[in-house]
Every structure is written in C-alpha cells, then in structure tokens.
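S.K.: Dumping the structure here so I can ask a few things about it.
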Amino acid sequence: MKIQNSQLEKFKNLHRKSFKFINLDPLQRGGILSKEARKILDEWADGYSVCDYCGGCLDKIKNPPIEEFVHEILPEFLGTDIARITNGAREGKFLVMHAIAKEGDYVVMDQNAHYSSYIAAERSRLKVKFVPNSGYPEFKINVDDYAKVIDEVKNKTGKFPALVLLTYPDGSYGNLPDAKAAGKICKDYNVPFLLNGAYSVGRMEINASDFNADFIVGSGHKSMAASGPIGVLGAKKIYEEILFRKSERYKIKEIEQLGCTARGLTVITLMASFPHVYERVKHYDEEIRKARYFSEKIGNLGINQLGEKPHNHDLMFFESQKLFEISQKHKQGRFFLYSELKKQGIIGIKPGLTKNFKLSTYALSDEEIKKVIDAFGEIVKLDQLCAK
Ligand SMILES: *Cc1c(COP(=O)(O)O)cnc(C)c1O
C-alpha cells in the first residue's frame, strides 16, 4: 500500500471553514438546507439509509414516505401527471433525451442553455441546434425564433427535432424567457418540450402545465434546499411508458434510471425541506425586490448588471470596468476582489474574476444585503488608494 499515514491525516478533519460566511454563489444559495432537514441529517447519513423497507422500487417506498412524495406531492408541485426523483437536473434531461430520441436526431435549445443540456444531448448521441440570444447587454432569448430553428432542422434533415429545450431561467444571466410562448410553438409543431427549471423549481412557483411543457426538470441541491446530488423530473402521462419502461429481466426496475436513483440522505433532505420549499416559493416576489434593490445599489457604484432589466430572478450577472481597473493596479491582481470580500466575511464570487461575475441574493436578509453592498462600496474606493 502506497498511501502514507501523513496523507490520510488531513482527511480525518474535513471541516468547511467558509460555512459561516455570507455566500453569494448562485449555485449554493438555494441548496441551503431547511432547519427541518438539518435536524435529521445524522439519522439518515449512512449509505442506503432509505432502503430499510424497500421492496425493490425507490418510488414505492412507504417508510420513509417516498411513494407519496413522488406520486402525489411532486406531480402537484410541478404541474405534471407523473414524476420521479433523479440524481440531478442533468440526469433528468439525459433520461428524457435518451428515452425519446434516436441517434442523430436534433435537440433545439436556447443559446443560454447550461453545458449539461448540451452534454446530455451528446451522451444521447443527438445533435444540437441553438436558438441565439440577443447578445450584449441583455442576452435575451426571443422564443419566436424557436419556430425558425425548428423549420431549419426540418428543412435540413427532413425531420422535426426530437425535442425542444428551454432554460428557465438560464444560469448565466438569470433571464426568464417567455416559456408559455415557447410551449405554444412546440404544441403547434407537435414537438416535445422540456423546461429546464434548475434555477426555478423550488425558488418560484412554476407549473409545467401553464407552459404546456411535456417535461420539466429541477435540481434539489440547487433550488430545493436539499443535499445533493438530487433532482426531480415531471412529465405528461403519455410519456410514462417511454421514459420509465422496465427491464425485461428485472421486471420492476426502470431502465433509464438504472433501476434506482437517490437512495439515501439526498432524498431525505429533499423531502424534509419540502414543506419549507412549498412555503418559500409563494414569496418569490420578495426575492425579486431584493435582487432589484441590490442591482440598483451596486449599479450606482459602477458595477452594472447585464441580462434582463429590470431583473426577474435572484441570479445576476455583473460587469465592472472599475473593478477590472483596480485589479490591474492592486498587489493581489485579479484576486483582489475575492480577497477583499473574504476579509469582510463574504464569499461566492469566483476567485480571479473582477470584470464579469455572477452572484445571487437569494434568501439573504436585508441586513446581509446591506453588508454586501457596503463591502462593494469600500472596495470601489480602492480605486483611489491604488492610484499612483
Ligand atoms: C446548475 C444547472 C444545471 C445542473 O443541475 P444539476 O442538478 O447539478 O444537474 C442544469 N441546468 C441549469 C440551467 C443549471 O443552472
């Protein structure tokens, strides 16, 4: 054995020093556990902890009440006929693509789509065609362009795309495109429509049937106050047999899920946080108010929000020539912003970024938001200090 004791030592005390900081990372804000979930962590932390009474199907487990959660609560929450637990939003997208499309088929998606949407298509051996965004400064998706791109695929290949995907909102700018209009176009063309709600399901009220979406995916660790990896997938009933077809040999095992998905702590935290999540989505207007307030205040400091304005989501993308200029004079260079914020107890902006970065104000208190704005206020003053 070549692993040294000295190497092993560091694994015996894996603490997370940033735990108490104000964290602005959009990836992390919506995944902070509810107090109800945090309370029961220990009891369910061991591997396969939910399988005490499993008869072979995760979604049929009655104790803990996964069956009721998957088959009653989730479809109601997502606005779909049927639902399942996945290991993440990307696994949900891959499952849908892999199940409904054939090698070489096209998926049409927005240019703001997450990388995992593209990779899910690649893994399913599909081709991708993008609906472009409007470019700087708003980067909006005009969903009417979906019709054009669907036609282009049809003209080129003789076939309609196997799937249309819309990111709602996207993870770069936090833009919320007109999903209803996209759903209408898909209905007119009779092309299945997948709504990627990784940044919406669990943050805001969202109902797939309002958009005529055939499928919707959400991310537990991103937006549903759950330890990951975990996700949710909702679909119309007509797709049940395609998505969840069973193994010939293992009659109760669903093939596209490799038989079973989240089989431990991850699904427990998702369920334990659900009452909290169900309540919080009703108050998303508060989150928009805070995001707009933040955007305005740091806009006054020369840090400008790109993407839709006024903004409708807590994820915001910023541009600042001023912070970039400071980085060119500061002794810590481009790492100055990260380091100055950290001094004030704030993390979550990627180390090294100054000119462009994203952050989220989700679930921060007014007091915390004020603290962050004040921190940026101090940081832009470094402009003078650095001046020679
Ligand atoms: C984060 C993100 C994902 C990936 O979510 P996972 O649950 O980690 O797979 C997918 N799409 C968008 C838009 C995202 O922001």
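In case you wondered, yes, glycine gets a Cβ from its N, Cα and C as well.
Annotations in TrEMBL come from automatic prediction, not curation.
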S.K.: In TrEMBL, the pyridoxal 5'-phosphate site includes Ala89, Arg90, Ser219, Gly220, His221. Which of Asn63, Asn112, Asn196 does it also list there?
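M.R.: Matched candidate out of Asn63, Asn112, Asn196, per TrEMBL for pyridoxal 5'-phosphate with Ala89, Arg90, Ser219, Gly220, His221: Asn196.
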S.K.: Select, from Ala89, Gly220, Lys222, each of the recorded positions with a Cβ positioned under 6 A from at least one atom of ligand 1; if none does, say none.
M.R.: Ala89, Lys222
S.K.: So what sits near His221 (pyridoxal 5'-phosphate binding site) in its own chain, CB-to-CB under 8 Å and at least six residues off in sequence?
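M.R.: Result: Gly31, Gly88, Ser227, Gly228, Pro229, Ile230, Thr266.
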S.K.: Just to be sure I understand the packing, how many Cβ atoms besides its own are within 10 Å of the Cβ of Ser219 (pyridoxal 5'-phosphate binding site)?
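M.R.: Taking every protein chain into account, the count is 31.
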S.K.: Which are the residues of the chain, Ala89, Arg90, Asn196, Ser219, Gly220, His221 excluded, whose CB is within 8 A of where the CB atoms of the pyridoxal 5'-phosphate site average out, their centroid?
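M.R.: Surrounding the site, in chain order, are Thr86, Gly88, Glu91, Gly92, Ala198, Val217, Gly218, Lys222, Ser223, Gly228, Pro229, Ile230, Gly231.
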S.K.: Determine, to the nearest whole angstrom, how far the Cα atom of Lys222 (N6-(pyridoxal phosphate)lysine) is from the Cα atom of Ala89 (pyridoxal 5'-phosphate binding site).
M.R.: 9
S.K.: Of all the recorded positions here, Arg90, Lys222, which one's CB has the most other CB atoms within 10 A?
M.R.: Lys222
